[in-house]
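Novice: Here TrEMBL flags A:12-30, A:36-54, A:61-78, A:84-101, A:108-125, A:131-151, A:163-182, A:556-578 as transmembrane segment. Taken from TrEMBL, the feature domain 'Transglutaminase-like' covers A:405-476.
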Amino acid sequence: MKGSRQQEIISRHSLLWLLITNVVILLPLYDKLTPWSMAICGICLVWRYGIFMGRVAKPPRLLVTTLALASALTLALVTSKIGLLNGLINLLILGYSLKYIEMRDRRDVRIVVIVGYILIAITLLGQQSIYFSVLLTFIATINTCVLVSLYREDVKLNETARIGFSLIIQSLPLAALLFLVFPRLPPLWMMPQLKTEQTGISDEVSFGEIGRLTRSAALAFRVKFDGAPPRNHQLYWRALVLEDYDGQTWRQHDSIKMLESNHLAPRSRSDPKGPSLEYSVIAERSNQHWLFGLDVAFSDTADIVQLPDYRLYSPKSLTQKFQYRVKSIPSMPMDMTLTEHVRNINLQLPDQNNPRTHTLAKEFEARYPKPVNRLNAMMNYFTSQPYFYTLTPPPVGPQQIDDFLLENKAGFCVHYASALTFMARASGIPARMVTGYQGGEWNKQAQYLSIYQYMAHAWVEVWLEGRGWIRLDPTSMIAPERILEGFDAYFQGGDSYFMDSPFSALKLRNYPFLNELRQTFSSIDFYWSVWILGFDSSKQEQVLHQLLGKITREKIAFFMLSSLALIILVIAYSAGLLHFSRGKDKISSAYLKVCKLLDKKGVPRRFDQGPMDFCLTVESQLPVIAGDFSQLTQYYIALKYRTLTPSGRKSTTKLFIRLSRQLTLKLIKL
Amino acid sequence: MMNRANSTESINPNKPSLWWNAWLARRLPPSKQITLAHKSIFILPTGFGLLWASLILLLFILGTNYQNNLIIGLSFLLASLFNTCIIYSYKNLAGLSLSSLPSPQAYAGETLVFPIKLSSKQAQFEVLVSYPNNQVNVVKVIKEEAQLSLLQFNNPSRGRIIPGRLKIESRYPLGLCRAWSHIDLDNQVIVFANPIESHSTLSALDTDDISLTLDKGLHVQGVDEFKGLRQHIPGESLRQVAWKQLAQGRGMLSKEFQQPQGQPLWLTLDNLSAVDIEERISKLTWSIDKLSERGQIFGLVIGHYKIPPSDGESHRLACQQTIALLPFRREIG
């Protein structure tokens, strides 16, 4: 195309669109940028703005190349620190910014737009909420507008935007159809994962630990039960079992950690028997591995490991929302027999630690030889003494449990669970700490439970001969409402527990109407997670089955083709390709309508009368409208019998229609 | 006819294969006025369209590998956008009416201009119109009101120029697809030979070669032939007043007479001093224009073909066209 070379120059209009696009594409990626990349992006943006305003010239190619090489080198150096994927993303962003300042012709613009789409996709790797998705679709549309602006240079911004948006809106139905029927494939190969901060409970717990989580109103996971949900006090979501205690911190035992890191399910559990609860869990991104389940939990979802301590574990860290199915059998005992090794682990206590608690435990052991009675007594000990449940407990010294149990007598779940586990072990009963979440907020509209970070909880499991591991929650003795009705019932609004989320929508729950609204938004987000983010081949089958009945290849092909044809027709119609004939002539019918009205008023038009003759008749018989009618007749004759320019025809038609309406009104009033 | 074949060949050095031309001629026959419709519009993805397709594939693989439905969704949206663009590309040419207007005269070697009228019921944007190997005209907006696009055509040789098929293309709205059409607007034009200054013919005016001339040459004011009426100038001889017209109430007019002066001239290829016939034709072209400019009466003799002596614009055009259409021959025998 040698002839159109001149046309390859980028117009100012496109430059403005590019400027807008650059900002909106890079903004959501700010958290992935290294400070260096951010600085270079900023320089590029300022430079581009300078070029746009005509203040500075384009940088010489050599400078751009040098900058590009330098930034690539710097990134290569920091890649090990920020992770391979982050390094690549930074490289792409830098390329995007640099290309942006040295653009010369339309081809460069097209490349920048293509990279823009890739950057949008990368943003979607980290951000998946419905609101973000809508925002990113919006950004993708703006990116598309850049391309439109290449072909419509002389119009205003809003005209380009109108075209871009209508193109996208018209493309949505087909995209939805493809989303619905296109087969979902398993991952083709392993991809490097994003390195980001871990959220949620961690694999070690000390006295301050869970207190930190109770300040967060972030969503941890959501659960949809197949049947009715259990009562709040039965909702103990197990995530971690902590067996190692060094006097300060509870940790997972090394043997379990080994199993986890080897991704092995070492022994097959006995088949699930007894009444079961079935539900699906949608875990939020935590960048951790542990999953959540009630009691003895099984899962047949691929890529889930069932650990010997009856927990569910994901070998891949949860870098995005993850949905899995769980079957729980509350009545099923855990570990009817305990190996010597496991027993020893769960009886171990650090030497010379918390001597006063040791003594107390020995007293219990002497007084109640039967383990069941002893545990009951220990639990009751918390009610018999003035213990107090608080999220801001007083500080403790190196003998943590002694200080808490015998001095402060104030603390939250971790304190009580630590103390009970310690006492049980000290008196010879195998015991361990379990952390996870307790309770959940019921969403009436969409019928699911939301579990937030502040519902993080710690409790105790003790092993009894003939019964296996039994759950004990000392917190329920001090603050029974916390367990029976949920965390929110105990801390009516007010307390310190949203300190890290000052703008959380959860604060709205004191206002019934706003709370309703919040729940509605939550359910929309829930459906989004289930149906869009969690749409996999089984969901696909389910939907197609509902739409088509028994799924056959022919049916899908027919469904595909007919919907495609329909969509194409709709796009063609909205693009103005199909014209349905208007039926009758607008001008004649308007004129005849006036004639008919005149007939009613006593001025009939004879068959042999042309419009001019009739006009004379009207003028003599109805002088009130004579002027208007003769004007109307003139327009009518002009439109019907004269050759007019297209614009003249348009304006005359407009005048004619307006006048005919006025005349109709006048005649009716007459 | 040899002429015709000759000229098309010289215009279109890298012309497409014959069957393609034959197929096009059957599908889109030449016509002075053509409205594009499904039969005449072709659509194929551009290079950018192919890049777009690989972007879709890339995003799909990325989404699949990360099991991220939103990225897969984005790839579907872009795929669907492609589909929408095909419809829009079609729409941007469908209903486009093109008609050719007569070209202004041109001499060989000059840039020829073909005026084309474009109009469309629905607005169409950035349509590129061009003849093969010539400058591309970009029509930014085409609306219902017809607009003129002057298409350039470089360096034609003398003779009948058939510009061939006009290429109309558009990449609107996103540059993903190229919709195009090749239409024949049946707009041939006769290009005059390149004029070369020659004084041999003009000097023939002064020689009294009676054998060549039977008619008279240049008209000067005189008494023999009635030329027409003009406004009477006071003081003029009353003999010339057109009394009949005065009686009719048309005012005082004078009859004007003229009288041919000198020898009428026969132009021919043979009395030109040049070996190359093309050069002689060029010189003749120059002479015809020069004589017409002077108002000289002249005739043209080419072999057995004769154009009787006359003057005026139509005579000039007839003469110029005749010599422009002479067969090409390097040497005269």
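Cβ coordinates come from backbone N, Cα and C, glycine included.
So where do these features actually land, and what's packed around them?
Specialist: Sequence-distant contacts of the transmembrane segment (A:12-30) (same chain, six or more residues past either end, CB-CB distance under 8 Å): 38, 41, 45, 48-49, 51-52, 89, 93, 96-97, 100, 103, 109, 112-113, 116, 119-120, 122-123, 127, 132, 135-136, 139, 142-143, 145-146, 149-150, 152-155, 157, 160.
Counting same-chain residues at least six beyond the ends of the transmembrane segment (A:36-54), those with a Cβ under 8 angstroms from any Cβ of the stretch are 12, 15-16, 18-19, 22-23, 26, 30, 67, 71, 74-75, 78, 90, 93-94, 97-98, 100-101.
Remote same-chain residues near the transmembrane segment (A:108-125) are listed as 10, 14, 18, 21, 25-26, 28-29, 32, 89, 92-93, 95-96, 99-100, 102, 133, 136, 139-140, 143-144, 146-147, 150, 194, 319-320 (criterion: CB distance under 8 Å, separation of at least six residues from the stretch ends).
Remote same-chain partners of the transmembrane segment (A:131-151), defined as residues 6 or more beyond its termini with a Cβ less than 8 Å from a stretch Cβ, comprise 10-11, 13-14, 17-18, 20-21, 24-25, 28, 106, 109-110, 112-113, 116-117, 120, 123-124, 160-161, 163-165, 167-168, 528, 532.
Remote same-chain partners of the transmembrane segment (A:556-578), defined as residues 6 or more beyond its termini with a Cβ less than 8 Å from a stretch Cβ, comprise 166, 170-171, 173-174, 177, 181, 544, 547-548.
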Novice: Who are the chain neighbours of the transmembrane segment (A:84-101) in space, where the CB to CB distance is under 8 Å and they lie at least 6 residues beyond its ends?
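Specialist: Beyond its ends, the transmembrane segment (A:84-101) has Cβ neighbours at 18, 22, 25-26, 29, 32-34, 37, 40-41, 44-45, 47-48, 51, 58-59, 64, 67-68, 71-72, 75-76, 78, 108, 111-112, 115-116, 118-119, 122, 191-195.
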Novice: What does DSSP give as the helix, strand and coil breakdown of the domain 'Transglutaminase-like' (A:405-476)?
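Specialist: The breakdown for the domain 'Transglutaminase-like' (A:405-476) reads 23 helix, 32 strand, 17 coil.
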